[in-house]
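Report on the structure given below.
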Amino acid sequence: MRDAVTSLIRNYDTTGRYFDRDAIESLKDYFASGNDRITVAAMINSQSAEIVKAAANSLFEAVPELLLAGGNAYTTRRFSACLRDMDYYLRYGTYALIAGDMDVLNERVLQGLRETYNSLGVPIAPTVRGIQFLKDAIKEMAAAAGIANTAFIDEPFDHMTRELSEVDL
């Protein structure tokens, strides 16, 4: 797992360059958001069950057929698996949020996930919506805590949804 600083250093070291203006700005942005990242991670840690519950409620309200007979969240086992997966996305999204780098998501979450879901018949679209509802719940909490710039919250959750949504042409 890498973080924003390690990734930046690796990129510049590979090409044998000193940090340029863009690199310095990237570092400034990352460190400037550090306290907010930690605050949000602490909020997620203390309220993870509530965040997953709120996101699941939003998902099942938006896509109620998931809970009907034949739906992918029908039966206690499938419903529990859905909540477990949402918690998994929340946890790894939090790691990436702190790191400021999506490497942990690529390595531990996304690699092969779309193929696995497709082979099991798990629809991707509701998964993507659920991840977006997680992001929305976190952004609401951050705004309520007075965090004005929440763009760093978008990064990991948008990355997951973008990667899961990709379609090979």
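Glycine residues also receive a Cβ, built from the backbone N, Cα and C atoms like all the rest.
Residues or ranges marked as N4-methylasparagine in Swiss-Prot: Asn72. Asn72 (N4-methylasparagine) falls outside any helix or strand according to DSSP and counts as coil.
Taking Cβ-Cβ distances under 8 Å and a sequence separation of 6 or more, the neighbours of Cys82 ((2R,3E)-phycocyanobilin binding site) in its chain are Ala56, Leu66, Asn72, Ala73, Gly130. DSSP assigns Cys82 ((2R,3E)-phycocyanobilin binding site) to a helical segment in the three-state reduction. Annotation source Swiss-Prot lists (2R,3E)-phycocyanobilin binding site at Cys82, citing a curator's inference.
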| query | Around Asn72 (N4-methylasparagine), how many other C-beta atoms are within 10 angstroms of its C-beta? | reply | 20
